[in-house]
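Colleague: This is the structure I have questions about; it appears just below.
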Amino acid sequence: MASRKTVNRRQRPQRATSNVFAMFDQAQIQEFKEAFNMIDQNRDGFIDQEDLKDMFASLGKEVTEQFIDSMINEAPGAQPINFTMFLTLFGEKLTGTDPEEVIRNAFQCFDEDNSGKLNEEHLRELLTTMGERYSEEQVDELFRDAPIKGGQFDYVEFTRMLKHGTKDKDEA
């Protein structure tokens, strides 16, 4: 009887992690798969301590064993991370970002007519001159896939894109 409960407990998290695929669209899952494959240096289908060390080394970063262990320990059971667990961990991290309302409110501070849109050039100026300043190249990159029509940056749609991904594959 106790072993049956143990088996059931192990199955529940598996079902929960498989639902992670519903959190992302196909394009996002493909991007995560590419990232996973880049980290999985030995191509065994799992990310382990050695894969993480190799990845950081390839980026020119020196990290401690404790840092690597803390990353692996984020996975339940502190075992090598398969793709489903990788997606689950990213899903948890992404849901840990600011809620849509908080992001939208940050933009809304500059939206004098409460239209949900900001003038593209005005936003560019704000991003390059205030707070943590962005370079022109960074702003260009940000604006590349941003919802801008008629010189108006739609921050409501942009916030949705940040939290839920783009729909450009569906619209094409």
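Residue numbers in this text run from 1 along the chain shown.
Here the Cβ of each residue, glycine as well, is placed from N, Cα and C on the backbone.
So Swiss-Prot lists the following for this protein:
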MOD_RES   Thr17  phosphothreonine
MOD_RES   Ser18  phosphoserine
DOMAIN    27-62  domain 'EF-hand 1'
BINDING   Asp40, Asn42, Asp44, Asp51  Ca(2+) binding site
DOMAIN    98-133  domain 'EF-hand 2'
DOMAIN    134-168  domain 'EF-hand 3'
Colleague: Restricting to the same chain and to residues at least six past its boundaries, which positions have a Cβ under 8 Å from a Cβ of the domain 'EF-hand 2' (98-133)?
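Modeller: For the domain 'EF-hand 2' (98-133), the list is 139, 142-143, 148, 151-156, 158-160, 162-163.
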Colleague: Tell me, how many other CB atoms lie within 10 A of the CB of Asn42 (Ca(2+) binding site), whichever protein chain they belong to?
Modeller: 11
Colleague: Summarise the model confidence on the domain 'EF-hand 3' (134-168) as a single mean pLDDT, whole number.
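Modeller: Average per-residue pLDDT within the domain 'EF-hand 3' (134-168): 85.
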Colleague: Which sequence-distant residues neighbour the domain 'EF-hand 3' (134-168)? Criterion: at least 6 residues beyond either end, Cβ under 8 Å.
Modeller: 24-25, 27-28, 94, 97, 100, 103-104, 107-108, 111, 116-121, 123-124, 127-128
Colleague: Which chain-mates of Asp51 (Ca(2+) binding site) that are at least 6 residues away have a CB under 8 A from its CB, listed by sequence?
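Modeller: Expected: Ile39, Asp40, Gln41, Asn42.
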Colleague: Near the Ca(2+) site, what residues other than Asp40, Asn42, Asp44, Asp51 in the same chain have a C-beta no further than 8 Å from the centroid of the listed C-beta atoms?
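Modeller: Apart from the listed residues, the neighbours are Ile39, Gln41, Arg43, Gly45, Phe46, Ile47, Asp48, Glu50.
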Colleague: Which of Asp40, Asp44 has the fewest nearby Cβ atoms, counting only those within 10 Å, among these binding-site residues?
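Modeller: Candidates: the binding-site residues Asp40, Asp44. Fewest Cβ atoms within 10 Å: Asp44.
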Colleague: Going by DSSP, how much of the domain 'EF-hand 1' (27-62) is helix, how much is strand and how much is coil, in residues?
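Modeller: The domain 'EF-hand 1' (27-62) comes out at 23 helix, 1 strand, 12 coil.
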